[in-house]
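According to TrEMBL, the feature region 'Disordered' maps to 1-28. According to TrEMBL, the feature compositional bias 'Pro residues' maps to 1-14. Per TrEMBL, transmembrane segment is recorded for 36-57, 99-120, 132-152, 164-187, 207-229, 236-258, 270-289. If you look up TrEMBL, you'll see 95-289 marked as domain 'ABC transmembrane type-1'.
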Amino acid sequence: MPETTPAPLPPAAPRPRNRRRNTRPKLSGDGPVRRIGITLIWGLVGFNVLLLLWVVLQSLRGTREIFDNPWGLPTSLRFENFVDAWTASNFGTAALNSLNVTIVSSVLTVAIAAPAAYYLSRQESRLTNVLTMYFILGLGVPVQVILLPLFVMMSRLYLTDSLIGLNLVYIGTSMPFTVFLLTAFFRSLPSELEEAAALDGTSPFQTFWRIMLPLAKGGLLTAFVLQVISHWNETLLALTLLQSTDKFTLPVALISFVQQQTYSGADWGGLFAGLCIVILPMVVVFVWLGRRLTEGLTLGMGK
């Protein structure tokens, strides 16, 4: 019986390559809701920019001109309004006080919060969990709640009407947010660097000081800028704790200038000029470091 050879099998069809699906989750805000939200945000930004420009324009006009046409452009630039506001309300001394308090309190806040945040981000224990929760709870305590007991305590310590006392208060009230921000930032840094440093015989402090701290300079700068803006504009605590004119910060000096103008006849051009003296420095800081500030906040959300 002749042997039969099996018919050759047809070549297998090429297996279609699976197209890589887009696994990126669709944002819940995609669509009209997201567009409306973006429109509202840009509308709010535009409103604030126009309001700032309006304040600057009014600072270059006279009182009668402001009342005759509040929304008009200045017919002549009255830069003497800034000179009058600077000299009539002792803004020079107040500016130095604000600069002193802002720089000292911001630097010390970041310097104290950085090692605390690094420890909380690298150690997992019941103690660190309790401390982390303690700082988180501190974020939810309004300053108005602790204002009266804080004033009583500072009075008993003879730290009212003192820039040193105001610095201590600013450091204490800013610590929860700064520790919370830097903890998130340190957690975004890879732990392999610390393991490699430990193999080289580097102590934990040297690892923090020489390796992790330079890598965290973006987060440190972000925390510092946020504290500078917050302390420069802070009014309630300074108004409560300071009584002497030579100790006033710029926001308190501005309030005193408004009260002075109320009784002596309001110079609205000078009032707007004083307002510009208070707010424009922080606008310049934000424009200068705004991108770095955003990058630092974004990196801190990495983990």
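Every residue, even glycine, has its Cβ placed from backbone N, Cα and C.
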*Any chance the transmembrane segment (236-258) and the transmembrane segment (207-229) are in contact, meaning at least three CB pairs closer than 8 A with a sequence separation of 6+?*
no
*Go through the chain and flag residues at least 6 beyond the ends of the transmembrane segment (164-187) whose CB is under 8 A from any CB in it; none is fine as an answer.*
101, 104-105, 108-110, 112-114, 116-118, 120-122, 132, 135-139, 143, 150, 154, 157, 212, 216, 218-220, 222-223, 226-227, 230-231, 234, 237-238, 241-242, 249, 296-297, 299-303
